[in-house]
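As recorded in TrEMBL, the features of this protein are as follows:
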{"type": "ACT_SITE", "residues": "ASP175", "note": "active site, proton acceptor"}
{"type": "BINDING", "residues": "LYS79, GLU127, TYR128, ALA129, GLU179, ASN180, ASP199", "note": "ATP binding site"}
{"type": "CROSSLNK", "residues": "LYS177", "note": "SUMO2 cross-link"}
{"type": "DOMAIN", "residues": "48-313", "note": "domain 'Protein kinase'"}
Amino acid sequence: MSEAPMRQAAAPVYAQVHVMAQNAQPKAGKPSGNVQQLADALNNLGRYKQMGVLGQGTFGVVIRAVDPEANPPQEVAIKLLPRGDFVKNFKTYVQREILHQSSLKHPFIVCLKEVFLTPTHLAIAMEYAQGGDLFKYVLRHAPNCRLPETQARWIFQQLAIGLDYCHRRGVANRDLKLENLLLDRDGSDGTRPLLKICDFGYSQGKHELNSSAKTGVGTPIYMAPEIIYGGNRYDAKKADIWSCGIILYAMLYGRYPFNAKERDYARKIVTAAYVLPQDVEVSDLCKDLMTRVLVADPDKRLSMEEIRAHPWFLHQLPEGALEMNSWYMQKPPYLEQYMARIDAIIEQAQVKGNPDDEVISVCL
Ligand SMILES: Nc1ncnc2c1ncn2[C@@H]1O[C@H](COP(=O)(O)OP(=O)(O)OP(=O)(O)O)[C@@H](O)[C@H]1O
């Protein structure tokens, strides 16, 4: 058996940033997660009211807060990155996260609301997804950590539609995984959660997509064969589609198709040597789609268009879902007008602030 049990995926690998992270973190100071320190940082803004800490990722602490000035008051999630060396060392990551994600306005993508600078932190306020991440959602389906096929299809449909929109906008995510897919509710009341793709820190933008990607990015067990194989020239959109196949597999079987603990797991990914467990009942149509997505050769892998035309994908797809991206594409990317101000904030975030500095902010 080569499949792996459901464990939190290892941190993403980003050939340059990852090495930098390892070298720079002690000096730059990883966010401590100290609640009082975070509260102080927010008090300087005097607008958001902190409600608790949601978690800490590789690049920052995320807190839950309320915007009391919104009508009605609105819950938000705020990612806090310490000002100074930290932002300086991870400037590319920070720029990608803010610039790419703020150009994406879609119901299946976490919406960035405001970027602001406190004396201590660069803060990114975004839509709060109260259902948590898909990894935990799948784990809650005890005892097997598997979603019923209809539920997995609903999530996959949203993922494909959200990702299709990103790709049409010229953005490839490059770190799609269960942990980076959030849900607007936990579904415990029987309603179907809406998916929210988040974390665009490793994404590739329009200007970069015209040429192929040059940096091997992603989380190992979700990484496409062409990245592992060569790593220096690949189509990031096709690599995203592979990751969707891994996500679908994990939702259905409650395990991953490849086991990063095995010595030859990289070879298995490169040759797409995975098995479909026989102990789980999955329809033939679903297996047909999954095995045509998890194809080692990116040229033979299903394209987004082909996925969207596949009968398993189309089954029980809500009316109008196929057309919704054309509608969202009509909305002009408003980003240009904010670009200079966002750049200025990121520039300023590379130096530490003073306690009496005025808070600078851009609403997106
Ligand atoms: N908009 C949001 N709504 C609700 N929870 C969120 C939101 N954004 C992030 N979180 C949660 O906050 C925690 C930290 O998120 P973050 O994106 O910084 O790191 P990560 O995805 O866990 O790690 P990494 O950046 O290393 O991949 C995670 O548990 C994540 O689910």
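Using the three backbone atoms N, Cα and C, a Cβ is placed for every residue, glycine included.
Quantities reported herein were computed from a predicted structural model and do not represent experimental measurements.
Note on the domain 'Protein kinase' (48-313): its mean pLDDT in the predicted model is 90.
Checking the recorded positions TYR128, ALA129, LYS177, ASP199 against ligand 1, the ones whose Cβ sits under 6 Å from it are TYR128, ALA129, ASP199. Each residue contributes its Cα atom, and for GLU127 (ATP binding site) and ASP175 (active site, proton acceptor) those atoms are 20 Å apart.
Geometry remark: the residue listed as 'SUMO2 cross-link' versus ASP199 (ATP binding site), CA distance 10 Å. Each of the recorded positions LYS79, LYS177 was scored by the other Cβ atoms within 10 Å of its Cβ; the lowest score goes to LYS177. Cβ-based neighbour count (10 Å, all protein chains) for GLU127 (ATP binding site) stands at 18. Checked against ASP175 (active site, proton acceptor), the binding-site residues LYS79, TYR128, ALA129, ASP199 differ in C-alpha distance, with ASP199 being the nearest.
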